[in-house]
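Undergrad: I am attaching a structure below and will ask some questions about it afterwards.
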Amino acid sequence: MADPKIGIIMGSTSDWETMRHAAETLDALGVPHEARVVSAHRTPQRLYDYAHEAKGRGLKAIIAGAGGAAHLPGMAASMTELPVLGVPIESKALKGMDSLLSIVQMPAGIPVGTLAIGKAGAINAALLAAAMLANGDDALAARLAAWRAQQTEAVPELPE
Ligand code: RP5
């Protein structure tokens, strides 16, 4: 995608099943984005380069998904001034509680905006990133409002 504004990174290809929901939500809102596999422990140099270059390449926020000992969002946040939104991936062993606590419990000084575990977190990270961009983009603000109105209209009054 040309001129991406949001970078979606994840620790493994196995995270894509969750993180694709962030990408699809940004697609629906017309927000240019990119997706990359960037592991804090398996590809540390790739993470270093990505985080250090992100702002200069024109990205406005990073969505980082990781599972288990999920240090990717915090490490990324330590190396960029861009806002970083963390998505805890639902791990097999601990159902994502490990990922959640690893991401949310950042010591004071380097923030990571932490979302819910799994698909809901991925979607909400995209919505939050879009809302940040919408502060300076009236057309995007209108698309975001329309997306929410459509969601409201799609909720039936009766359960069946
Ligand atoms: C983390 O380890 C990734 O974010 C992923 O959620 C988890 C497991 O990775 P794989 O073993 O499936 O590659 O780094």
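Here the Cβ of each residue, glycine as well, is placed from N, Cα and C on the backbone.
Pulled these from TrEMBL:
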type	residues	note
BINDING	SER12, ASP15, ARG42	substrate binding site
DOMAIN	4-155	domain 'PurE'
Undergrad: Relative to the mean position of the Cβ atoms of SER12, ASP15, ARG42, the recorded substrate site, which additional same-chain residues have Cβ within 8 Å?
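TA: Same chain, not in SER12, ASP15, ARG42, Cβ within 8 Å: MET10, GLY11, THR13, SER14, VAL37, SER39, ALA66, GLY67.
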Undergrad: Measure from the Cβ of ASP15 (substrate binding site) and count the other Cβ atoms within 10 Å, all protein chains considered.
TA: 25
Undergrad: Within 10 Å of the Cβ of SER12 (substrate binding site), how many other Cβ atoms are there?
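TA: The answer is 17.
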Undergrad: If you draw a 10 Å sphere on the Cβ of ARG42 (substrate binding site), how many other Cβ atoms land inside?
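TA: Its Cβ shell of radius 10 Å holds 11 other Cβ atoms.
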